[in-house]
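Here the structure is laid out as structure tokens; the discussion comes afterwards.
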Amino acid sequence: CHMAAPGKVAAFRLPPLPTIGEIIKLFRLKAQKQLSQNFLLDLRLTDKIVRHAGNLKNAHVCEVGPGPGGITRSILSAGVEQLLLIEKDARFIPGLQLLSEAAPGKVRVVHGDILTYKMEKAFPKHLKKNWEDEPPGIHIIGNLPFSVSTPLIIKWLENVSKKDGPFIYGRTQMTLTFQKEVAERLTANPGGKQRSRLSVMSQHLCTVENCFVIPGEAFVPKPEVDVAVVHFTPLVQPKIEQPFELVEKVVQSVFQFRRKYCFRGIETLFPESGRLKRTEQLMMTANVDPTLRPFQLSMSQFRNLCNTYRKMCDEDSSLFVYNYREELKQKKARKLLKSTEETEEENEL
């Protein structure tokens, strides 16, 4: 009889369970198109996703949208301390309860929506680390429905900026799936075709890695697109040290006309009266060439734009609340009213 290698702890093994395919049949689970659900049944791929999350031995993990539980099994096999499952679709809860019973004391199943779930209460307080320290032993993992992935990552980036939500514990790491095209946007460099608002918002707050691509045919049902796994680690120092709302407003404005020169989008930060003068002032102070396209701007140029815009807002408190689209709407309404009044006058005449 061979002795176990010294210092090696026996790996956690789930007892024999029905396969994911059997669970889907057993509970009559069909991926719903309107919820953009796609199941990943290949356990080699779910293991690979979990490996890219980092060392999960004795970690606390929150899995978002576990569905029939493919990635869930791989997470449990990685030897985690605790696993919190947040699933919105009630049809999957019985199958996840099966997994919970197979790993006593390790799994907590919550029937709820990740967009509203209070993540700041999800993990034990003793896991908290200072922001400057190494990331805590907490991970968020999820094969997200496409319809949820972009709003959710924007929400979590705001949480990173404010150090709240799941980041109240420190620099919590995330490993999430996205449509391949969205993943390319998240990781695109300046000058790249896919450089977008998402690239700047995520990269100014996190180290973002495009880990690997999963072909669409690995999913059931097969989506029209391939899927990429992306890993996020919040940065100790954000690249742009301004409030999230301000950075988002500047970045969104710049990318509003992505094919035009960047000054065209920057103009939309200012009310019509004095727009040109203020745009020139912002671009000159920030030292940004107005004839660059939005995707050509570097992170330090965005930093300069945000810092300069912040100073301008401090000098004129009405500036930050100004909304270009609102002004356009009011203009259209005034035009409509005017033409209605003219028509009525003509009719009277």
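Every residue gets a Cβ built from N, Cα and C, even glycine.
In the structure as shown, the Cβ atom of N38 (S-adenosyl-L-methionine binding site) sits within 10 Å of 23 other Cβ atoms. Annotation comment: TrEMBL describes N38, L40, G65, E87, D113, N143 as S-adenosyl-L-methionine binding site.
The domain 'Ribosomal RNA adenine methylase transferase N-terminal' annotation in TrEMBL covers 45-236.
In the predicted model, residues of the domain 'Ribosomal RNA adenine methylase transferase N-terminal' (45-236) average a pLDDT of 94.
Counting every protein chain shown, 27 other Cβ atoms lie within 10 Å of the Cβ of N143 (S-adenosyl-L-methionine binding site). Taking Cβ-Cβ distances under 8 Å and a sequence separation of 6 or more, the neighbours of D113 (S-adenosyl-L-methionine binding site) in its chain are I86, K88. Sequence-distant neighbours of G65 (S-adenosyl-L-methionine binding site) (same chain, six or more apart, CB under 8 Å from its CB) are I86, E87, K88, I114, G142, N143, L144, P145, V148, listed in sequence order.
Under a cutoff of 8 A between CB atoms, and with a sequence separation of 6+ in the same chain, the neighbours of L40 (S-adenosyl-L-methionine binding site) are T46, I49, G70, I71, N143, I214, A218, F219.
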